[in-house]
Amino acid sequence: MSAQTLFEKIWNAHLIRTDEDGTSLIYIDRHLVHEVTSPQAFEGLRLAGRKVRHPEATFAVPDHNVPTKDLAGGIKDPVSKLQVDTLASNCQAFGITEFGVGDLRQGVVHVMAPEQGISLPGFTMVCGDSHTATHGAFGALAFGIGTSEVEHVLATQTLMQKKPKTMLIQVEGELPAGSTAKDIILYIIGNIGTAGGTGYVLEFGGSAIQALSMEGRMTVCNMAIEAGARAGMVAVDEKTIAYVQGRPYAPKGEAWEKAVAQWQTLKSDEGAPFDAVVTLDARNIAPQVTWGTSPELVAPVDGCVPNPTDEPNGVKRGAMEKALAYMGLQAGTPMTEIAVDKVFIGSCTNSRIEDLRAAAVAVAGKKVAASIKLALVVPGTGLVKQQAEQEGLDKIFMEAGFEWREPGCSMCLAMNNDVLEPGERCASTSNRNFEGRQGKDSRTHLVSPAMAAAAAIAGHFVDIRNG
């Protein structure tokens, strides 16, 4: 058999058939569901008189609309409450496992699933959510789907897809001190652009990726969609297997040994052809800060806001000018002179225990700047929150002046109580800096947890490499 990429191995193992027009039917191993994109899908099943074909393969959690404080008073927004309540009733009616509000396992869907061992190597995984690529960190093929596709997977445990192309992104060399997985993926997007991965599944490789922890790899894969890609993935190694072992939904006993033997084959074969290859030097990756309204509009923290007049492409130049106007920034401004109003540490990109530890190191023994209106830390799940509290991280944050919240998607997107006011500027560890993403006329700068924490202390962005 000819050499295969990791993607091809998983795709071929799940391929049921390919039609004449090139559309393929593939089997789906795991389906993740949340409250926003699932109600219409369940209603479609009811109208058609269908059951969920494999309820044991679907797992649900409310996250987008869940408030992160004052939970005792319940969900006050009627639409949010309806969506959360509807998810619970649908899961009960169709026999689906749900980790509801009050369950320690509840939290952001893309933090919960790896934590529970639901995300496993070699699996196909889908969710009605853009950032499903997160689970590709496990050597899985994971991607977001639309609501009609959610219904299709619930009804059939299969999905119609066009086979994407493959791109290998090799990040070689040692990452400098102060730079993180978040900086790697922002740097990649800054290089290839938000359309650079369109039509591709990205495989992240090279020594810098191999050196990352599993949580770091999840951060990188999480933002593959922001490069326009269908999915992102990392080959299985000993770190992958060690992370999965012993988790609630991971295989046990003989099944574990059999699974590990198969998982160890989940890497691209020597000489396997990719449709595109990008090679980057990790030594060039400084801490990154986005300055515009797209993740590709990013600069090193020791750099300046770029000047659109230096951009030869007219379309890009126009986009840069529009972004600067929206963000209220002047070309040539040093990144370290950009002051922020609020700081958000959380989201499916950066709310795991390692993220919180990194942020805590940056704030320990210090105080949030008087100019900061709000600095909040939102753990990814109740279990992450519990572990952080056992390690005393909550006290470090609260003594510094941060708010320590309950799990949820929170300020990543304006779908709950945690929103920016018009014109407010936020240092955010989330994944999207689009216009209005964190609230009407909000201004979002994407950074790593340590960079966000340091900005809260200083009141503006700082180069964390300078101590």
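In case you wondered, yes, glycine gets a Cβ from its N, Cα and C as well.
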Figure out which of C348, C426 sits with C409, C412 in the [4Fe-4S] cluster site per Swiss-Prot. C348
Looking at Cβ-Cβ distances, which residues of the chain lie under 8 angstroms from C409 ([4Fe-4S] cluster binding site) while being 6 or more apart from it? D63, H64, V66, V108, G346, S347, C348, M415, N416
Under a three-state DSSP reduction, the secondary structure at C412 ([4Fe-4S] cluster binding site) is helix
